[in-house]
Amino acid sequence: MSDNNTKKEIFSWLRAVGIAVIIAFGCRYFLFTPSTVHGESMLPTYQDSDHVIVSKVSKIERNDIVVFNAPDADAHYIKRVIGLPGDTIEVIDNVLYVNGEAQDQSYLPEDMVTGDFKLKELTGEEKVPEGEVFVMGDNRTNSKDSRMFGYISEKEVIGEVKMTFYPFSDFHIGN
C-alpha cells in the first residue's frame, strides 16, 4: 500500500512541476521576455547593462520605451516611441513637436540638446506611415535611432519595457 501511495505522490509532484514548467515557458515566449540594455543611447533612463522585462502584449503608445529588432544589425535596440502612424514630428530650438504640439520631455536632462529636424527632411515623408513608428534614444546626442535608420515596422517591435530588474539598486516598474 505505501509503495502505491509513494508512486501516486511522485506522479502528483511530477505533474505539478510539468504544469509549472509549461506555464513558465508560455509566459516567457508569449507574454514577457527579458532583455539587456547595450550602450548609452537611453541614458539617463536606462544604463548600459540594465536588465529589463519586456511585455510582448502591450499596445504601443507614444513615449513607451520599446525593444525591437535592429534594422541595421543582428541585435535588439531599446528606444522611446516618439511618433505613431499619422504623426508629424519636428524639433525646433530643442523642443519636440508631435502634430504641432510641444511634448513634455521631462525625462531628458535640462542640458540635453536635440538638433533641429523635420520628419520630411529625414524621411522624405510628412507623416509616419501606417504600420511604422518613429523612435529616438533619450541620450539624443549619442543614439542611433529613427533619425538615422528611419521608421521601425510595428512588426519588428518585440514589446514595451515594463520593469528593470537588475541591477537590484535600479529595480523599478514602468519607465
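Each Cβ is built from the backbone N, Cα and C atoms, and glycine gets one as well.
Taken together, the residues in the domain 'Peptidase S26' (11-166) have a mean pLDDT of 89 on the 0 to 100 scale. Sequence annotations record features per position, and here TrEMBL assigns domain 'Peptidase S26' to 11-166.
The annotation transmembrane segment is assigned in TrEMBL to 12-32.
Per TrEMBL, active site is recorded for SER41 (among others). Counting only same-chain residues six or more apart in sequence, the Cβ atoms lying under 8 angstroms from the Cβ of SER41 (active site) belong to TYR77, ILE78, LYS79, GLY137, ASP138, ASN139, ASN142, SER143, LYS144, ASP145. DSSP assigns SER41 (active site) to coil, not to a helix or a strand.
If you look up TrEMBL, you'll see LYS79 (among others) marked as active site. All chains included, 25 other C-beta atoms sit within 10 angstroms of the C-beta of LYS79 (active site).
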